[in-house]
């Protein structure tokens, strides 16, 4: 008489499956698979082999604390039945005397997360035995055409899912610099931290069963993650801080990667890490989304609008010296702002609006009661379809709002100019499998100055007016934009043109730097004044300089001057200016941004001429040299060369070095004091543990500066 079938051992074939599912970078000793793609396992039996006609093997998969068949978080499917009602399927691969290999496949819509795998064996005499085979993690699958995150380009999948380092662009539109970043999405424990992050969300805490059931939707997951990266509503990963006071945490400029941030959050019982700003929020979100399998990239928008009242106009206020003021509306133009794009289908929108979606984890405005933004279709933004979910009006204003400049004098506000092209410049991301920068501005809007761009702007404005009329739009009464003739200067010129319509401008002003603006050196520039009329002009020009934070917030002025310039007809003159290091050093923000402004007036005219320029001071970068060939599991020496760029001593110097696959954890070297202009180097030893293209990221901070950075790409060979 045949005995009931007993399982002695199960081989989940983790190493083999993980390679096929592109998860071997995460682990090889436990199973991580992607939905919509088969994975294999082998059952070893104790007493006899599997007999298809006598034995029925039933698989059970469960995820979440309350697995439920109706919700899709529990599935029961049989090896014997090919027409099972379950969307999960299993089939026989090979059947040996005492072992059986089977394939299992999750549907391409299954909820992602940690699963428990069990089987029931129903033998011919009615005996039923149950076994728990183990756990596995199910991820999104951009290689599967039926998955909502499917991306049909292998180079793009390698860049936006598999690449664990990159660049985040900072600075200003006149000086764009790449900041190296270690995403580290495949580093040890990061997948566990990402799943913990989902479980810490307000959605899971409120209704865990429904939350887990919805985790098959990239739209849903992206909103949950977006809200959890900041800590405004929950114990999210990062506290934001734009105050310039970071004494109880880390200056956001010091971070060089996401791994240290996520591990600190996890190790402290999910207490928010101090501190982050926009690029840190976006970088950490990129790590989490790539780890979960959703193609993601980091985007920088220069001159990014923050429109608080939804009228697509950013109001900026100036005093009679030309310095920018804070304003009660809190409208600002961020020198740069960073967000994410995630790739996904949008079945909740009309056809054609899938693909790249904007998600912004920086806590700026609330969306459905929580601080998150998106996903907003990039195509919807370009076409002005601001009535499509989610948060499309806010994203539209970041890249294509108009800017209104006002002079505040004697308690009154005088309109200076409305600029239709100053917001949203050089929208940038890292190129595919290259260290170059891609300009993707055309994905977000039609060319500035074109008829199409204005038509889209007016369409968006009308849609927002309609929403406000129906009571769904917050903020002040909407005022239609009055397009003004564009300046003959290119929108990408190195200054802001005089803020008056070109048909009445008779005098123009602009700034020109005489030397590159390097930290520790004097800033030398001239004000160029040009009289385009056939009459003499007497000008009085108030000049000022003030530091800015990258979110556009102005600090107090530290330099002022008054110039009296007389211009003959058609004459041009220059007025030389110098701001010494001693004048600006104690007022400089971490962002190293200085706005110089000039407000000119003619004696014979009430008209004002405003011009400004943002200067980004630069540091010498850190140099990294790899000494010898990089080979897995063999010692490697790395030389890091750094210097103090200032003509004064700096203290509390700390060098931070990291790199996924090269260092098990972030390296910190305490350097102490560096003498003026001192140049030095150190040698670090490490043992690479992953092959392929890798990157080393380095940062040096002191009591005078926080973010002198450097990077070096390294190719690590397999051990011979």
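Keep in mind that glycine also has a Cβ here, set from the backbone N, Cα and C atoms.
All TrEMBL annotations are machine predictions without curation.
What TrEMBL records for 270-363 is domain 'Transglutaminase-like'. Mean pLDDT, taken over the domain 'Transglutaminase-like' (270-363), works out to 93 on the 0 to 100 scale.
Note on residue 278 (active site): other Cβ atoms within 10 Å of its Cβ, all shown chains, come to 27. What TrEMBL lists as active site is 278 (among others).
There are 28 other CB atoms within 10 A of the CB of residue 337 (active site), with all protein chains counted. If you look up TrEMBL, you'll see 337 (among others) marked as active site.
Sequence annotations record features per position, and here TrEMBL assigns active site to 360 (among others). Close to residue 360 (active site) in the fold, though at least 6 residues off in sequence, lie 226, 281, 282, 339, 340, 372, 373, 374, 391, 395, each with a CB less than 8 Å from its CB.
With a cut-off of 8 Å between CB atoms and residues at least 6 apart in sequence, the same chain places 305, 312, 381, 423, 424, 444, 445, 453, 456, 457, 460 near residue 400 (Ca(2+) binding site), listed in sequence order. The Ca(2+) binding site annotation in TrEMBL covers 400, 402, 448, 453.
What TrEMBL records for 470-499 is region 'Disordered'.
For 484-496, the entry in TrEMBL reads compositional bias 'Polar residues'.
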Most Cβ neighbours within 10 Å, among the binding-site residues 402, 448, 453, goes to 402
For Ca(2+), what surrounds 400, 402, 448, 453 with a Cβ no more than 8 Å from their Cβ centroid? 401, 420, 421, 423, 424, 445, 454, 457
Using Cα positions only, nearest of the recorded positions to residue 278 (active site) (337, 402, 448): 337
Could you measure between residue 448 (Ca(2+) binding site) and residue 337 (active site) for me? Cα positions, answer in whole angstrom. 19
Across the domain 'Transglutaminase-like' (270-363), DSSP labelling yields 15 helix, 41 strand, 38 coil
